[in-house]
């Protein structure tokens, strides 16, 4: 739909799609979600709020500047240093304050910790895909927005069609095996995108993107379900805040990592004398994203075989 609107109207109108969807979400939230409140009121943690905000804005901005065609090194390093400094202070503050904005106790739970660290890298990598694919098809291969959008639609078709099978897969394989096996398949699907060319048949492109959507959906559901499997009820509120914040931050970082991958792809393409190949910088960026996803799988190796068994109900 976005490609259709861009081609036959203007890209500005794409954002209005979210208006009716947002209104529907508000109405459904008011009707469906129970109004649960904490009995104990805490004072607002202004210090933690400010330092955390500065840390996130500085780090995301620094990474975004790395994606510029000619990044300014010293201002970028200064922003990164400011961000890391504020982040370290925030962590120290949250652990010592009497009423912190967010408690970090849930990070002591192994399954939650894995989904926060390795899971965030996975979410960042898959968030880069919807950003990179339209650029590959439109800028790299010369497609129009409408046909590019039709191809990208295959990813989300894969996301939806595998949903009914995700829970049986979790019960059959268990979380550890599922995240490792499916994670490897997800990496392969990202690398397959690096092999696409303008001559690749449309059916092959759609098959690769469809399977990529399938693997991404399984991994996302597995990570999201495992996150709260072993978190005590008393820590659930803070764990949910941490997880939601990390998820949103990972989405933003995914776009930034995609831009950095494109710049790295341009440089590697120059070094290897591959600049004549269509869309080579975008194709090499998928290799960069796949490597990030691969690093995110390392945490899954540390999971116990019975991790999350309380919700997976793994069959013996």
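Using N, Cα and C of the backbone, Cβ positions are placed for all residues, glycine too.
According to TrEMBL, the feature domain 'Major facilitator superfamily (MFS) profile' maps to 1-308.
Per TrEMBL, transmembrane segment is recorded for 12-32 (among others).
Only residues 6 or more beyond the boundaries of the transmembrane segment (44-61), in the same chain, are considered here, and those with a CB under 8 A from a CB of the stretch are 79-80, 82-87, 89-90, 93-94, 97, 99-102, 249, 252-253, 256. The transmembrane segment annotation in TrEMBL covers 44-61 (among others).
Per TrEMBL, the feature transmembrane segment maps to 73-91 (among others). Residues of the same chain lying 6 or more positions beyond the ends of the transmembrane segment (73-91) and with a Cβ under 8 Å from any Cβ of it are 48, 51-52, 54-59, 61-62, 65-66, 104.
As annotated by TrEMBL, transmembrane segment applies to 121-140 (among others). Within the chain carrying the transmembrane segment (121-140), a Cβ under 8 angstroms from the stretch's Cβ atoms is held by residues 3, 147-149, 151-152, 155, 183, 186, 190, 193, 196, 209, 212, 216, 219-220, 223, 246-247, 250-255, 257-259, 261-262, 278-283, 285-286, 289-290, 292-293, 295-297, all 6 or more beyond its ends.
Feature annotation from TrEMBL assigns transmembrane segment to 146-166 (among others).
Feature annotation from TrEMBL assigns transmembrane segment to 178-197 (among others). Long-range contacts of the transmembrane segment (178-197) within its own chain (CB-CB distance under 8 A, at least 6 residues past either end) are made by residues 122, 125-126, 129, 132-133, 136, 141, 169-170, 205, 208-209, 211-212, 215-216, 218-219, 222-223, 226, 277-279, 283-284, 286-287, 289-290, 293-294, 296-297, 300-301, 303.
Per TrEMBL, transmembrane segment is recorded for 203-229 (among others). Packing against the transmembrane segment (203-229) from elsewhere in the chain are residues 111-112, 114-116, 119, 122-123, 126, 129, 133, 151-152, 154-163, 166, 169-170, 175, 178-179, 182-183, 185-186, 189-190, 192-193, 196, 236, 239-240, 243, 307-308, 310-312: each is 6 or more residues past its ends and has a CB under 8 Å from a CB in it.
Sequence-distant contacts of the transmembrane segment (241-262) (same chain, at least 6 residues past either end, Cβ-Cβ under 8 Å): 56, 60, 63-64, 66-67, 102, 104, 106-107, 112, 115-116, 119-121, 123-128, 131-132, 135, 227-228, 281-282, 284-289, 292. For 241-262 (among others), the entry in TrEMBL reads transmembrane segment.
Per TrEMBL, transmembrane segment is recorded for 282-304 (among others).
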